[in-house]
């Protein structure tokens, strides 16, 4: 029995159709397409033109009490996610007079909505995507957590509103699979594969994080309402709690579990600190964290030895998966199918293999370090904005010193840092580089790219705005998307404590010198990490994560990739002539190949 217990825990898939009369067979097809998200149970609610569907993954015992759709008074809900402060909210509601029949966080949301209306979403702490049918008000509320950890896709026309946890469920309901060329071009140019509300599929959208959809059943219309704004919260609150205390409380609330837990362990600072801190928490009762590491064939970017040191130092159970070229050949297309949209790099396949290994080890909950870099300025490109912010403030000597310290204490040398400054800090230069890189693309598509997507190319020169952009728009969302698809494909719940909104707000509000100082990134986390992991790892310069040996794999697979690209109607539509992949960078080869595979898997005759 795990020390930090949550009495009912489940992860799921949701779907539904509102509007035009639907057959139950269509709902069955939708539910079947997301069966991996909830293999233990399913349920359908039907009332008039409303269908709500649910697939359940029970991490504890499969009891009827947790069955969804769940009803309370005149409210019906289908819910996917975890509410980590549900115990506190439940106690608050019980004091008001609410009586509960189950131990589920789902029931807490229902009672919370009955008591507070949509203000309940401001009170929730966790990850969620849900549909809540309010019979009294004759409306349906669709809600997604603050940072979009849990997915929510939808399609609407004059007669229907269709929603689901994953895009294939919408296609199963008869939504046409057509290309969104704006998104495709952004992906080719800068590997942007999460585009706000837009998707690779035309007319299919995702509900942005921090937002609700209010669907009026009387008028058959809907509006999107934002219930949380990170910028406003940072400016309106002044939390004096120490960073270490926020980190500790955040970890405790995420450790509410009654099953075997594990953690992705790359050997980098974020995952190592997280795993080390978890093991420190559960050590006192003789429990062991199961850490899973992906080992790379390419030794120059393999961190598995560092992960081994962390696991040994902290006393974890260490599990290693070593994906080789044959594994890549056999399974990468299945990984792409489970993602349902093109992905940025083969490293997503390494994460897929980690989750597969976790399932083989019997792990039901996996912790991961997503959000660590975005909240504490961990990426090297952030140094560009740091230097610009110093210059903008007239601190020229400080900017020169920062430049020197960065070259000394990061993996960037003098020349590389200059290149970063010009590439990320000067829009005309970046556009010129992109035009040369995409020389084979038809002129009209390049013009469309630069007309509709300029905001994606220029990195903000304001540190606060950069962090907010990275967390809510340009960087973190696609990492969370990969995480959700890969983990749920193997019926595993992924938890990302660095993306907890209380932690995020605290991290952003920290004085700048606690994040970047002396050329070191994430300085406050490095100091904290010394309590849990070897000091040599807490203060290392290089970082890779679960890097795939793409140089080996993509070179060996080049001929097959070229053939796939040559046969793609989608790519022929985009290019003046099919490029020789061998002449392109590895990542651009990968992106062209991804598009060709995506077309074959999902678009069929729709191009």
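Each residue, glycine too, has its Cβ placed from N, Cα and C.
Because TrEMBL annotations are produced automatically, they should be read as predictions rather than curated entries.
Among the features that TrEMBL reports, active site, for GATase activity is placed at 12. Residue 12 (active site, for GATase activity) falls within a strand when secondary structure is assigned with DSSP.
Feature annotation from TrEMBL assigns domain 'Glutamine amidotransferase type-2' to 12-218. Per-residue pLDDT, averaged over the domain 'Glutamine amidotransferase type-2' (12-218), rounds to 93.
DSSP gives residue 105 (L-glutamine binding site) a helix state. Feature annotation from TrEMBL assigns L-glutamine binding site to 105.
When Cβ atoms from all protein chains are considered, those within 10 Å of residue 12 (active site, for GATase activity) total 28, not counting its own. Distance noted between the C-alpha atoms of residue 105 (L-glutamine binding site) and residue 12 (active site, for GATase activity) is 13 Å.
For residue 105 (L-glutamine binding site), the Cβ neighbour count at a 10 Å cut-off comes to 29, with all displayed protein chains included.
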